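Taken straight from Swiss-Prot:
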type	residues	note
BINDING	VAL19, ASP40, LYS45, TYR70, GLY84, ALA85, THR106, ALA123, ALA124, ASN125, SER148	NAD(+) binding site
BINDING	GLN87, ARG93, ASN125, PRO126, VAL127, ASP128, ASP153, SER154, ALA155, ARG156, THR234	substrate binding site
BINDING	ARG158, HIS173	beta-D-fructose 1,6-bisphosphate binding site
ACT_SITE	HIS180	active site, proton acceptor
MOD_RES	TYR225	phosphotyrosine
Amino acid sequence: MANIEKDHQKVILVGDGAVGSSYAYALTLQGIAQEVGIVDIFKEKTQGDAIDLSDALAFTSPKKIYAAEYSDAKDADVVVITAGAPQKPGETRLDLVSKNLKILKTIVDPIVESGFNGIFLVAANPVDILTYATWKLSGFPKERVIGSGTSLDSARFRKDIAEMVNVDARSVHAYIMGEHGDTEFPVWSHANIGGIKISEWVKAHPEVKEEELVKIFESVRDAAYTIINLKGATFYGIGTALARITKAILDDENAVLPLSVFMDGQYGLNDIFIGSPAVINRSGITNILEIPLTDHEMESMHKSAKQLKDIVTKAFEELDIETRQ
């Protein structure tokens, strides 16, 4: 793969909509990467955003930001795909499958043809299916194709638990797993606050009823619908989540993050990308942490996987998409 050097790290962003521009802004504010190229069919928008973001550099750190072409991906370390049809009010992420698969093929093919040899990071929805499709279309090793997965869902989960117990969200350790969507599920069995299991915390606080925990998860699961109904789209949260994942890659962190990753026997699943905690560094995914799930959680994982697999199989058959693997 591309040699990621500390003194020059390059990201190509494909998709300059609300999510893409929020991600580029997060990279700029946090000083992540030294070169960011933005690709979109609306070239004037990418040119405008490149100038606008560059105006912030005197307040952050040096960075080359520009309107790019697919050919610029040839020496990039990471290509981030946010392009796709947006989720409309009342529409599920899975409703987007056919149209976004068609869009994805027009993106992956020219990037691969450019000679790109880095890591694909996919955020377009439905992210688990489009990450799988990126892997199939690119012919890349599974370790170097990653989806944002349940990273945002897990962040929402931690935030809501933190608000319930009045602690910093960074001190809450909890995961949402499965599909980034309606069949996702909370891993309550391993959730903890500063090392104290949620189950133990609830025992010590009888005023907290089980119904409150159920409401927390439902709020997390339905958060996108709530935000979309209020303002039309979600972008700040996922933009920041993507910046965090990018930093873990470029800085070779070996960070554990909940991502959409390829299952090769883990949790009894195969040939599917789905949300699970995994170790990520400059080589991509180095290890999938197979958390010991309860019977109910494992059942939820398999239910989520079945739905994803059924949809992706049907979509590939109907669209007759040619793949590289």
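Each position is counted from 1, following the chain as shown.
Just so you know, glycine gets a Cβ as well, placed from its N, Cα and C.
Note on proximity: of the recorded positions HIS173, HIS180, TYR225, the one nearest GLN87 (substrate binding site) is TYR225, by Cα distance. Comparing Cβ neighbour counts within 10 Å across the binding-site residues THR106, ASN125, SER148, the minimum falls on THR106. Rounded to a whole number, the distance between the Cα atoms of VAL127 (substrate binding site) and HIS173 (beta-D-fructose 1,6-bisphosphate binding site) is 23 Å. The DSSP secondary structure for GLY84 (NAD(+) binding site) is coil. For ARG158 (beta-D-fructose 1,6-bisphosphate binding site), the same-chain residues 6+ apart in sequence whose C-beta sits under 8 angstroms from its C-beta are ALA169, ARG170, VAL172, HIS173, ALA174. Using a 10 Å Cα-Cα cut-off from VAL19 (NAD(+) binding site), the recorded positions that qualify among ASN125, ASP153, ALA155, HIS180, THR234 are THR234. Taking the C-alpha positions, the distance from ASP153 (substrate binding site) to TYR225 (phosphotyrosine) comes to 13 Å.
Ranking the recorded positions VAL127, ALA155, TYR225 by the distance of their Cα atoms from the Cα of LYS45 (NAD(+) binding site) places VAL127 first. The binding-site residues shown are ALA124, VAL127, SER148, ALA155, THR234; of these, the one with its CA atom nearest the CA of TYR225 (phosphotyrosine) is THR234. Same-chain residues at least 6 positions away in sequence with a Cβ under 8 Å from that of THR234 (substrate binding site) are, in sequence order, VAL19, ALA223, ALA224, ILE227, ILE228. Within 10 Å of the C-beta atom of LYS45 (NAD(+) binding site) sit 16 other C-beta atoms, taking all shown protein chains into account.
Among the recorded positions VAL127, ALA155, HIS180, the ones whose Cα sits within 10 Å of the Cα of SER148 (NAD(+) binding site) are VAL127, HIS180, in sequence order. For ALA124 (NAD(+) binding site), the count of additional Cβ atoms within 10 Å of its Cβ stands at 31 [all protein chains shown].
In the three-state DSSP assignment, the secondary structure recorded for HIS173 (beta-D-fructose 1,6-bisphosphate binding site) is strand.
Within 10 Å of HIS180 (active site, proton acceptor), counting C-alpha to C-alpha distances, fall the following of the binding-site residues ASN125, VAL127, ALA155: ASN125, VAL127.
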